[in-house]
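Here is what Swiss-Prot says about this protein:
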- Ser156: active site, nucleophile (ACT_SITE)
- Asp321: active site (ACT_SITE)
- His354: active site (ACT_SITE)
- Arg226, Asp355: substrate binding site (BINDING)
- 50-358: domain 'AB hydrolase-1' (DOMAIN)
- Arg323: site 'Important for acyl-CoA specificity' (SITE)
Amino acid sequence: MSTQDSDSIGIVSARRAHFDTPLSLKSGAVLDSYELVYETYGELNADRSNAVLICHALSGNHHVAGVYADNPKNTGWWNNMIGPGKPVDTRKFFVIGINNLGGCHGSTGPISINDKTGKRFGPDFPLVTTADWAKTYVRFADQFSIDCFAAVIGGSLGGMSAMQLALDAPERVRHAIVVAASARLTAQNIAFNDVARQAILTDPDFHDGDYYSHGTHPRRGLRLARMLGHITYLSDDSMASKFGRELRNGSLAFNYDVEFQIESYLHHQGDKFADLFDANTYLLMTKALDYFDPAQDYDGNLSAAFARAQADFLVLSFTSDWRFSPERSRDIVKALLDNKLNVSYAEIPSSYGHDSFLMQDDYYHQLIRAYMNNIAL
């Protein structure tokens, strides 16, 4: 992406917000203080009514749009969605991207130094949930004197975080856009997460999560976890279209080396991810996914759980997403309608599987553009 494009955010930089008030977590643990790394795009208007919070997915972070001056190839993960003239138009909205608590891109997490020990938190960093993140979003908004977000938007785990905030702080959210998400993980999804965790936990370099002091990193386990996850983010059709049974070298080698293009692709994705992500954070994020279940305290009644919500909702799903299928989005829509809340829903034709929410798609983007254009400030 050229930084000169008219619809580009251009050069951006990350900032850091510090919080000294102790944060009580759902696990019972307490963080005496913490920091959140964030980026903003656009300008906060005079009455602070145009703030939009972007919630990231498992492997995402605060770098949602734009590029860095010292690394112009590092484009924000939702750059096709956010910018001047884009579906989330920064000429109208003040957009905020936050690296969640427990992340590994600057916010307080397992790789951070524990002031009490002088060492990295590592495995001692407490598990965090979407409810804990919702608390941090509210505190962040308070620091900016933002009484209410014009919209909270997220895909996948980010969609769950958006729902959580709309439920836990209903007076702070006017609109919630939930994309490719679910109100709870299925048993199959929990199983996928556990297999990914086991790949990391059983890596000899994991050292019970204290690999920092051993000078190691469970790269093999993290690599396998990412490869498994990536398979679930794609669809059979997209894999067939992109790779089929194509061989790297044109003929069978009759050995156990990487032969098929799909194998090469997965190895590349795994290697790249293992170089950039922290294993303890990966474990933590998968547990946040597993634990998300707003109906749990309501005897499994999702409609009762959503009785707290006040926001208007846009819920989007993708036809080929088998990780978070359209049926799961329809469960959310039903719960919202049961509470007579305003909700719009669309099931978007796509062959790209769960990753569709990150893709450039005219129909998908037009739906979000139209919804955002109708938000009055």
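Cβ atoms are placed via backbone N, Cα and C, with glycine included.
Feature annotations (Swiss-Prot) mapped to structure.
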residue	record	Cβ neighbours (10 Å)
Ser156	active site, nucleophile	27
Arg226	substrate binding site	23
Asp321	active site	28
Arg323	site 'Important for acyl-CoA specificity'	23
His354	active site	24
Asp355	substrate binding site	22
Round to a whole number and give the Cα-to-Cα distance in Å for the pair Ser156 (active site, nucleophile) and His354 (active site). 8
Please tell me which one of the recorded positions listed here (Arg226, His354, Asp355) sits closest to Asp321 (active site), measuring Cα to Cα? His354
Could you tell me the C-alpha distance between Arg323 (site 'Important for acyl-CoA specificity') and His354 (active site) in angstrom, no decimals? 6
Spacing of the two Cα atoms, His354 (active site) and Arg226 (substrate binding site), in whole angstrom, works out to 14
